[in-house]
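Going by Swiss-Prot, these are the annotated features:
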COMPBIAS  87-107  compositional bias 'Basic and acidic residues'
DISULFID  25-60  disulfide bond
DISULFID  38-88  disulfide bond
DISULFID  49-54  disulfide bond
REGION    86-107  region 'Disordered'
SIGNAL    1-19  signal peptide
């Protein structure tokens, strides 16, 4: 289930990434929640879907989010997504630290 959530988050971020990512990262929690609610409400239409489960299916069914994104977004937008996600992840790294034990590598 976690991978589905990650996929949705990335899908939301990619729609924001084409120009508003800096502003999005500066929003407070209430503003961010409102923006994400608006974006997720537009996700189905953007992908030609009628509901969010269709969005999940379109973006996640191939198991390769990059490939799925490239079908719906330009290379530049996909690259912006990665940059934005990385920047935001670093600024909120403490929220994503669980389960990532450094030094105990799984080789």
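Cβ from N, Cα, C; glycine included.
Residue 49 (disulfide bond) sits 14 Å from residue 60 (disulfide bond), taking the Cα positions as reference. Counting only residues at least six positions away in the same chain, the Cβ atoms of 44, 47 sit under 8 Å from the Cβ of residue 54 (disulfide bond).
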